[in-house]
Amino acid sequence: MTDPVSRQPTLVIKVGGNELDDATFVKELARIVAAMRPIPTLVHGGGKEIGVLQETLGSAPRFVGGLRYTDATALTAAEMVLCGSVSTRLVAALIVAGADALGISGVDRGLIRVVKQEHPAGDLGRVGRPTAVRSEVLHELLNHDVIPVIAPIALGFDGPYNVNADEAAGAIAAALGADEVVFVTNVPGVLVNGDVMPRLTRHEIEHLIADGTISGGMIPKVRAALTALDAGVRAARITNLEGMLEHGTIIIAEGEVHE
């Protein structure tokens, strides 16, 4: 449900964990985000760093339908990386770039509530599906010009759950009534035969998933984009850092025109 406290233009940015291993990428991301007005909300993943720590803790990473299977060891690794090293790295870069930023997780103040995620490909372990977002927590920060930097560890009835960062970003964008949610990846958009599709609708996305053109980790991104659209977000975009301000693939509802 959209919080009526603020109706200034709202942007949610999700950045993948793999990209955050690159110090140059983090510095440039922080520079761009720090200059944005109104200030955005930032959601981040953990990427390879989670898998490396998980292996160090004695558990081999595995994925089900493009989503990380999360047993107790994997959850510990995700918490340590997402709420620890990655969050600190991003917040530090933003502050150095001149912004005010605060790192929080979906557990803090019960920001993101979840239920166990069911998946047709099999059991995902402690992976959660967002059911509620306390948007007023984010508005409190945004209204004081503080960028929320959100780690996708969320709260279920029986404790913390790992949440796919794309799904978390979509749920947050929906709760904020965001004008746009931007998924920043290592590719310039949704590719079809090597070319970036400038615009896609739900029908086109479902067709591209069915024929295998959209696969792997791109599926949660487009699904999260569609969920956000269903909840009232005007548009979603998938792009890379270079295209973050205006390029990439725009995903829109059927029949809409996004300017």
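Going from the start of the chain as shown, residues are counted 1 onward.
Glycine is no exception: its Cβ is also placed from the backbone N, Cα and C atoms.
Just one of ARG62, ARG68, ARG129, ARG134 is listed by Swiss-Prot for the same substrate site as GLY46, GLY47, ASN162, and that one is ARG68. In this structure, ASN162 (substrate binding site) is part of a beta strand by DSSP. When the alpha carbons of GLY47 (substrate binding site) and LYS14 (site 'Transition state stabilizer') are compared, the span between them is 13 angstrom.
Excluding GLY46, GLY47, ARG68, ASN162 themselves, the residues of that chain whose CB lies within 8 A of the CB mean position for the substrate site are, in sequence, GLY17, GLY45, ILE50, GLY51, ALA78, VAL81, LEU82, ALA165.
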